[in-house]
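These notes concern the structure reproduced below.
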Amino acid sequence: MRPARALIDLAALRHNYRLAREVTGARALAVVKADAYGHGAVVCARALEGEADGFAVACIEEALELREAGIRAPILLLEGFFEASELELIDAHDFWCVVHSAWQLEAIEQARPSKPLTVWLKMDSGMHRVGFFPQDYAAALARLKALPHVAKVVLMSHFSRADELDCPRTEEQVAAFQAVREVAGQGHEVSLRNSPGILGWSEVPSDWVRPGIMLYGATPFEQAHPLADQLRPVMTLESQVISIRELPAGEPVGYGARFIADRPVRVGVVAMGYADGYPRHAPDGTPVFIDGKPSRIIGRVSMDMLTVDLTDLPAAGLGSRVELWGPNVPASDLAARCGSIPYQLFCNLKRVPRVYSGE
Ligand SMILES: *Cc1c(COP(=O)(O)O)cnc(C)c1O
């Protein structure tokens, strides 16, 4: 059996979820969209269900997968419905629904659900992707409140730059949101904070928070941060050395001869490649851990294999365990070296079996 696998620590997931609640004192929807950022939505939701206030996903297909697996907690559709016909399923399965556009509001006005809906009304406070502009928000809220089949409206918005701790944009977004809320939205629960908002912006009012990447133990920040340091990585991507060769100085390794030995090198070949989701752009020198000791990538990452430097690890050999990311190689550090973010590394995970612990 190919030794590549992703170990998933569900106890770490629960620890990170609790941290989101503790630092905010708010209720937290665990964001498990995109198959829980590659960690497996059903297993992660089951691991959290005993304590989670609810879950959030990107679309009804993801929500149905959770319901069909027996998850009974509230599930929020972060982009609402894509077609009005989904409202029947939203009603049947008690999904909570974001409303971010006028056409969705109209569809809700037309709907006749069997029981009242819970709606999260989205404001575009500065992200400029979806949501009602501040000047249109009070009117949208009033229309929802006038509907007998809308039980509850939560006021929400989303930050565009909360990971930049010195950037004034987050405060501007909060101010835009609060200005409307104070006039039109008093008495409603609010939800603004994603992971960087939770960890980095303690002043932002929150009845509900929406942790995503932090649940999986990756920091959303580029610099060290005391709260982010308390996160525990959930996924360890690992494999083994499957071949070894000694090369004299001057010999190239791998496609395109990107790496050329500057001294006699001992090269280890690892069963892991970009088809597994490991970033092909990892440069020479990218850290890996081999039997618990630091080493580095040398040569281009191929589809199914990559090459590492074993020259200074004489004890390493066939079958040595290689950590590509995890507790010793933070996914956010690796991502930064590859021009990416941990979100994308996790979501790109493919082919590799997931092995769970900490149920
Ligand atoms: C994905 C998403 C989140 C979670 O974001 P993280 O940065 O992963 O915490 C929160 N809110 C909305 C609306 C989202 O789409």
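Glycine is no exception: its Cβ is also placed from the backbone N, Cα and C atoms.
Remember, TrEMBL labels are computer predictions, not curated facts.
Taken from TrEMBL as is:
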ACT_SITE  LYS33  active site, proton acceptor
ACT_SITE  TYR255  active site, proton acceptor
BINDING   ARG129, MET303  substrate binding site
DOMAIN    234-357  domain 'Alanine racemase C-terminal'
MOD_RES   LYS33  N6-(pyridoxal phosphate)lysine
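Distance between Cα atoms for TYR255 (active site, proton acceptor) and LYS33 (active site, proton acceptor): 35 Å, as a whole number. Least packed by the Cβ count within 10 Å, out of the recorded positions LYS33, ARG129, is ARG129. The 10 Å shell around the Cβ of TYR255 (active site, proton acceptor) contains 12 further Cβ atoms across the protein chains shown. For MET303 (substrate binding site), the Cβ neighbour count at a 10 Å cut-off comes to 12, with all displayed protein chains included. According to DSSP, MET303 (substrate binding site) is assigned to coil rather than to any helix or strand. The distance from the Cα of ARG129 (substrate binding site) to the Cα of LYS33 (active site, proton acceptor) comes to 18 Å. Mapped onto DSSP classes, the domain 'Alanine racemase C-terminal' (234-357) shows 19 helix, 45 strand, 60 coil. In the three-state DSSP assignment, the secondary structure recorded for LYS33 (active site, proton acceptor) is helix.
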